[in-house]
Amino acid sequence: MRRAAEERRKEKAEELAARQRVREKIERDKAERAKKYGGSVSSQPSAPTEPGSVPSSPSQEPPSKREYDQCRIQVRLPDGTSLTQTFRAREQLAAVRLYVELHRGEEPGGDQDPVQLLSGFPRRAFSEADMERPLQELGLVPSAVLIVAKKCPS
């Protein structure tokens, strides 16, 4: 029993040491990131000068708007299945429509009806003019879910 108790104490001590190493690594990584992306953060001392203040870290700063070069689109088909594909952010919405028309299941009637793409949230039906606009401009980047509906004759 003593040996088992000693082993448990050793394991706990090793676990605590491992946790401490991980915490130190995280702190080093934070310092490196702050040094790399925000030089002013690294020039501050690590200990706060005022008792109530907290040193700023990258996670507390407001996130900057990131530029994405790819867009992941999930398309929900009328039969309930879905297609997922990654497109370039600068590609036109027409490329998504073409992908849907090429990859949706063949209907028994042969010819497939033209489709209309809808956005779930915010609710929006994409027009023919939108087909020429890039995915990024339409607000579909970095990812979006589009719904396929049969085009209403108008």
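Glycine is no exception: its Cβ is also placed from the backbone N, Cα and C atoms.
According to TrEMBL:
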type     : residues : note
COMPBIAS : 1-35     : compositional bias 'Basic and acidic residues'
DOMAIN   : 66-148   : domain 'UBX'
REGION   : 1-70     : region 'Disordered'
When DSSP states are grouped into helix, strand and coil, how many residues of the domain 'UBX' (66-148) land in each? 14 helix, 29 strand, 40 coil
Summarise the compositional bias 'Basic and acidic residues' (1-35) as counts of helix, strand and coil residues per DSSP. 34 helix, 0 strand, 1 coil
In this predicted model, what is the average pLDDT of the domain 'UBX' (66-148)? 85
